[in-house]
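Taken verbatim from TrEMBL:
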- 5-279: domain 'FAD/NAD(P)-binding' (DOMAIN)
- 317-384: domain 'NADH-rubredoxin oxidoreductase C-terminal' (DOMAIN)
- 415-464: domain 'BFD-like [2Fe-2S]-binding' (DOMAIN)
- 478-527: domain 'BFD-like [2Fe-2S]-binding' (DOMAIN)
- 553-614: domain 'Nitrite/Sulfite reductase ferredoxin-like' (DOMAIN)
- 623-760: domain 'Nitrite/sulphite reductase 4Fe-4S' (DOMAIN)
- CYS632, CYS638, CYS672, CYS676: [4Fe-4S] cluster binding site (BINDING)
- CYS676: siroheme binding site (BINDING)
Amino acid sequence: MSKQRLVMIGNGMAGVRCMEEILKRDGERFDITIFGDEPYPNYNRIQLSNILQGKTKQDEIMMNDWSWYEENGITLYTNERVTEINREQKTVVSEAGRVVAYDVLLMATGSSAFILPVPGHQLPGVTGFRTIDDCNMMIQTAGDYKKAVVIGGGLLGLEAARGLLNLGMEVEVVHLMPHLMEVQLDAPAGELLKKDLEAQGMKFLMEKKTAEILGHERVTGLRFDDGTETSCDLVVMAVGIRPNTQLAKAAGLAVNRGIVVNDYMETSDPSIFAVGECNEHNGLTYGLVAPLYEQAVVLADHICDKGTAGYHGSVLSTQLKVSGCDLFSAGQIYEDDDTKAIAAKDDVAGTYKKVLVRDNKIAGIVLYGDVSDSNRLFRIMKQGADISEYTKASILHKGNEEEELSVASMPAEEVICGCNGVTKGAIVQAVLENDLKTFEQVKSCTKAGGSCGKCKPLVVQVLEHTLGGAVQEEKLGICECTKLDRDELVEAIKNMGLKTAKEVRNVLGWKHEEGCAKCRPALNFYLGMIWPQEHEDEKQSRLVNERMHANIQKDGTYSVIPRMYGGVTDVQQLRKLADVAEKYNVPLIKLTGGQRLGLFGVKKEDLPAVWEELGMPSGYAYGKTLRTVKTCVGAAFCRFGTQDSMSLGIALEKMFEGVDTPHKVKMGVSACPRSCVESGVKDFGVIGVENGFQIYIGGNGGTEVKEAKHLCTLATQEEVLRLAGAFVQYYRETGKYLERTAPWMERLGFEHIKEVMMDEARVAELYARYEQVAAKYREPWAEVLEKPELHALYEVKHV
Ligand SMILES: Cc1cc2nc3c(=O)[nH]c(=O)nc-3n(C[C@H](O)[C@H](O)[C@H](O)COP(=O)(O)OP(=O)(O)OC[C@H]3O[C@@H](n4cnc5c(N)ncnc54)[C@H](O)[C@@H]3O)c2cc1C
Ligand SMILES: NC(=O)c1ccc[n+]([C@@H]2O[C@H](COP(=O)([O-])OP(=O)(O)OC[C@H]3O[C@@H](n4cnc5c(N)ncnc54)[C@H](O)[C@@H]3O)[C@@H](O)[C@H]2O)c1
Ligand code: SF4
Ligand code: FES
């Protein structure tokens, strides 16, 4: 039976979780295409607050990297918005004019930040807080400007405000209501929160309605409807979200606030489903991941014919991701005629607890300052248990402190991770069945702790309890498939003479037979490093850009950057580049950061022809290898030049062409201490001086700038080449895959590396081993051209 075509619009948290669930159930059922209008693979949107607060980095929040899509045979179009659904023809059309047919269409378009439509809302400096790009804009603004105003004192607004404070801005929160987070907290809890945030330096303008955003070139302030004003350089709107329903509406689907779905996430068209924040189920739309993930599971069961009882709504709870403000809220938060409150406030400790009771059942919970009862109360609430046997005090407070605090006393069905609905029982079972030892392993196996991360301490406690002792700060394996770290793995491969990745995985007891996206390229590198002669490069294990021999760009096209040794070119090369760029309508020709000419925006299907017509070697701008050697014009032209930097640079570049290294390597040769090519921030930098060449190692000019360290001064070019060979080989032999030379040098110690590089015998051995590796070089573009079977990689699927 041929596969059904499943198209998904929206590449966000709910949609991709649903894809994971579908693949888990039946990986062969669908031919999957995903459109996402952001230029990234699926990332953890929740963690944007932590990026802004400086607690995490952008590359740490990617949940499914590019290779995940490749490995699961998913065609992904990022940065490409779907603009039309044609229900008669069962196709979707993207803004790029791409038409893709579907049998099943999944809408996972999420929500957008609501921007108050007041005058001035389009001024530069006004933003929502929803995407990586919004986050980057705020970080950049904080570098250049002083004061931010956040409109909206809800979850998002307060997390944004905390982040902006951390970025050094002065922050004022403008809130419409008399107390903060009025949707989740009552007045006493809201007041405690405000006091704590004020103590952290946040300022508040309460009960203020924004009438206008002021400014001409960019925002300069706000005017409120009472006529008062405040000044600012940045406005962040956090006044709620609106489901993205325009596409569904235009296609004639039933839409209220969200896209209307039944218990199986089916819209008013049986071929079209909607999951996540964009949908509306039983009159409700959601804005937290827990219910969306529940929907994802139901939808996966349903479309994979696994049988499901359907989705019947979720009971929600919320927490705020701001250190020093522990709060928990669930269900109804205000009393009414039928709902009474049991509450306790401790002004000295700054804690507040309120449980709302209706018909002898918990109808709502508000906790501030001490949230240690949250799981217990939330469980009782979700179970709908009768609480008449509890006294007022015992419902609010734990009985036997010791006993209640211990996870040992928690029942198995207690939910530990609210975002992912993971119970204590599920964690215990996973730990025992899979011999899990660390939090990361539990996260990867159960997903507990993988979303907002608030439950991590509790997950660790359950793990400790199950293991019967404190969780060791255990040395992690190179990935989840193995407990072996880099050194143990390399040692085992050498000692046991393992020659292929399959053999390594079998003999060394890999957890997953096929390995994972993390270990496959790493194993391929280590095997190539250990057995330079015998090892057959496993192309399918390489990262996607290395397999394509080109860097994918944010619009799905590729860059072509040919080798220009030492950054030196000639008339023939320039003419060829111009001809090819013209013939293939290349939209951008640009000098790269590494002094090379790049053609940007080349279509995937044009790559082989472009390479053939250029007739130049690949510049490896995509590889974990030597990228470029930057050179200055040096003694040949510059009046300050003491050495011939160009010839040395060219020789270095030729020497390391295509040699695999743990991570990319950049080199630079300047012909005098003015160091025009910034040799001091290169992995291997050379500075010409009167008596020879100063050598610098371990520098990095990227995200984390590291100054290279002076290793030695050599008299001749030959000595430089030889030392460079030994240095790169030592990095190959001791570096962890994906470790740049700066952290590698930090790990091994500069003095240690210096000792090795100053030991003539060791340099000779390293250099000899390096020569064996270099001898195996095959130019990758030429290889693709020679082997027609490789051309399939560059074909574009048409539907
Ligand atoms: C800063 C921040 C902090 C948060 N913190 C928490 C938290 O602590 N706990 C919690 O539970 N939730 C939190 N949330 C909410 C949570 O992130 C969302 O509920 C969740 O991301 C929604 O998932 P989704 O897939 O429905 O939508 P999204 O993740 O928004 O994904 C939808 C994707 O579809 C794309 N798209 C839309 N239309 C089209 C189109 N026509 N063509 C192509 N692509 C399209 C969108 O650009 C987007 O990339 C937070 C949100 C933010 C912004
Ligand atoms: N920790 C978390 O769980 C977390 C964190 C961030 C975001 N989120 C989710 O992201 C979504 C967006 O969050 P949000 O805080 O923007 O939405 P929200 O609807 O929860 O809160 C918006 C707040 O803005 C206030 N407001 C509305 N209009 C205003 C105006 N004109 N001036 C001043 N204040 C005004 C409201 O009174 C309300 O308190 C929600 O679904 C939220 O659940 C969750
Ligand atoms: S590094 Fe020195 S020699 Fe090279 S271009 Fe600059 S000034 Fe001239
Ligand atoms: S509660 Fe959010 S990740 Fe567990």
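Glycine is treated like the rest: Cβ placed from N, Cα and C.
Unlike curated entries, TrEMBL annotations are predicted automatically.
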Whose Cβ lies within 8 Å of the mean position of the Cβ atoms of CYS632, CYS638, CYS672, CYS676, the [4Fe-4S] cluster site, other than those residues?
VAL633, GLY634, PHE640, GLY641, SER645, SER670, ALA671, ARG674, SER675, VAL677
Going through 5-279, 415-464, 623-760 one by one, which has the most CB pairs that fall under 8 Å from the domain 'Nitrite/Sulfite reductase ferredoxin-like' (553-614)?
623-760
For the domain 'BFD-like [2Fe-2S]-binding' (478-527), which partner among 5-279, 317-384, 415-464, 623-760 gives the most CB pairs under 8 Å?
623-760
Looking only at the domain 'Nitrite/sulphite reductase 4Fe-4S' (623-760), report the model's average pLDDT.
95
Stretch among 5-279, 317-384, 623-760 sharing the most Cβ pairs under 8 Å with the domain 'BFD-like [2Fe-2S]-binding' (415-464)
317-384
Per-state residue totals over the domain 'NADH-rubredoxin oxidoreductase C-terminal' (317-384) - DSSP helix, strand, coil
10 helix, 32 strand, 26 coil
Among the binding-site residues CYS632, CYS638, CYS672, CYS676, point out the residue whose Cβ has the most other Cβ atoms within 10 Å, with all shown protein chains included in the count.
CYS632
Does DSSP give CYS632 ([4Fe-4S] cluster binding site) helix, strand or coil?
coil
